Amino acid sequence: MHDIVELRGHSYWDWDPKTPPPFQNFEELEVVIGSLAQSGEGLALLPDRGNGWVIVVPFVIPGEKVKARVYRHNWGYSHADLVEVIEPAANRIADQDVLCKYFSKCAGCQLQHISYADQMKFKRQVVENAFKNYAVSPPLLAKYFADLPPIDPVSQSPIQSQYRTKITPHFEALNPKHQAAGMPQQVQIGFLRAGTRRILDIEECPIATPIVNEGMKVMRAEVQKNIASYKKGATMLLRESNPIIPGTESDDPPKTTKICITNHKDTITEWVGKFRFDYPAGSFFQNNNAILPSLIGYVQQQLHLPLSTTSSIKYLVDAYCGSGLFGITCHEGFKKVLGVEISAASISCASNNLVLNKLSTDTTAFHLDDADKIFAHIDFPSSETALIIDPPRKGCSEEFLDQMVAFLPARVVYVSCNVQTQARDLQGLLDRCVAKGLPGYRVEAIRGFDLFPQTRHVEGVMTLTRL
């Protein structure tokens with residue numbers, strides 16, 4: 001939405017929704033792509049149609065001239081399918097060279113037609129636009145946003161394919177009416193078809209790890225064999241695990257093997273550098289372990305940046321701690337570390353990982369608290385405390401931001417899978433500081449991490465220091 005508004009300017013708000021769109025459904029147009037939206041789709045502005053109408057086209061690159069077929073209309077813009085690339089960009093990946101034979105049909109990836117270097121430029125722009133468009137500052141906050149640092153280059157993933165350690169394919173049950181009539185039916189097992197809610201049959205996924213793809217072959221065969229017994233469809237789980245080979249537990253490091261887990265209640269074993277994490281297969285954990293050492297190393301560095309006061313960071317709070325990833329991997333250099341969660345299962349998991357990694361419970365611990373009491377049991381001095389936040393896609397709740405401002409940690413490192421809500425939360429945090437007459441925070445750095453190559457997604461890491 002913000003991309004459309006920025007492109008159309010004031011004309012976006014001038015459009016009367018009672019006015020019919022300037023195109024018929026399924027009309028074909030030749031357009032030149034001007035930019036990419038945060039969705040990875042191309043935007044083409046047509047100044048002579050509809051007072052500056054925008055056409056949204058997938059799988060294109062800025063500068064390309066394409067033929068597109070309009071199929072749906074919204075306020076001031078229309079969605080269109082890509083029919084033909086008339087004048088391709090010089091950096092377009094040829095169709096025969098893209099990673100996946102299902103690309104442009106499967107909804108999973110949006111950027112396989114773009115070189116990896118250009119994917120990084122796009123994702124940096126996504127982060128930059130998030131803080132420009134989603135943290136819209138009123139006059140009282142203008143001084144904070146005027147001082148935002150330049151967005152750092154996105155940290156690349158060491159591998160751009162075969163990196164996903166978890167995928168969740170879907171399938172639908174057979175149509176009972178067709179079944180009763182003896183009509184032949186083909187089982188579709190895979191992911192959503194781009195632009196639809198229908199399933200595209202997919203035999204393998206090039207961004208999934210080899211062991212996950214092996215598991216997918218096995219599960220596809222089982223579903224196809226037993227499809228008549230399913231009364232409704234289902235979503236499958238395929239997740240890589242790296243358990244220790246029995247008999248090598250005392251080795252340093254122990255020897256591991258790779259297996260594919262399909263039961264969401266089974267335990268996954270993941271290794272991040274020297275640290276071991278066990279967690280239920282159906283719970284959250286990052287899906288690209290190749291980039292995790294780089295991400296964690298950066299977070300550690302940001303946590304220990306010097307303060308402008310005579311105090312130094314001695315304590316760490318890991319909010320939304322999950323299975324303890326950041327609290328455990330970043331514990332070194334702190335007198336005490338406390339992870340906080342509202343999920344009892346997550347706290348149990350994190351506490352178990354504490355034991356697995358032989359960390360002292362005197363200096364590192366995990367605590368269960370209610371959503372409105374996240375900081376209730378934290379007795380660390382705020383002037384010497386750093387806070388790590390890694391919330392879900394929806395970002396921080398209002399009550400969490402209220403509690404955070406009441407505690408006012410000296411350093412905040414905010415990790416986010418949604419840079420738009422991350423930028424919104426920055427505004428919410430600074431707004432509360434201004435309202436309470438508090439000095440607020442300085443943004444030290446904003447950097448993206450490419451946890452999801454070939455897709456539009458980018459992980460954001462923002463570092464704040466209390467003024």
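Note: Cβ is positioned from N, Cα and C throughout, glycine not excepted.
Predicted, not measured: the structure shown is a model, and the values here were computed from it.
The domain 'TRAM' annotation in TrEMBL covers 22-84.
The Cβ of D390 (S-adenosyl-L-methionine binding site) lies under 8 Å from the Cβ of A319, Y320, C321, G322, L325, F326, Y414, V415, S416, each of which sits 6+ residues away along the same chain. The S-adenosyl-L-methionine binding site annotation in TrEMBL covers Q286, Y320, E341, D390.
Take the CB of C417 (active site) and look out to 10 A: across all protein chains shown you find 19 other CB atoms. Annotation comment: TrEMBL describes C417 as active site.
For C417, the entry in TrEMBL reads active site, nucleophile.
Listed in sequence order, Y320, C321, G322, I347, A350, F366, H367, L368, D369 are the same-chain residues at least 6 apart in sequence whose CB falls under 8 Å from the CB of E341 (S-adenosyl-L-methionine binding site). A C-beta separation below 8 Å, combined with a sequence spacing of at least six in one chain, links Q286 (S-adenosyl-L-methionine binding site) to L292, L295, L325, L451.
In the shown protein chains, 21 other C-beta atoms lie within 10 A of the C-beta of Y320 (S-adenosyl-L-methionine binding site). Per DSSP, the secondary structure of the domain 'TRAM' (22-84) breaks down as 0 helix, 35 strand, 28 coil.
In this entry, S-adenosyl-L-methionine is bound by Q286, Y320, E341, D390, whose most widely separated C-alpha atoms sit 17 angstrom apart.
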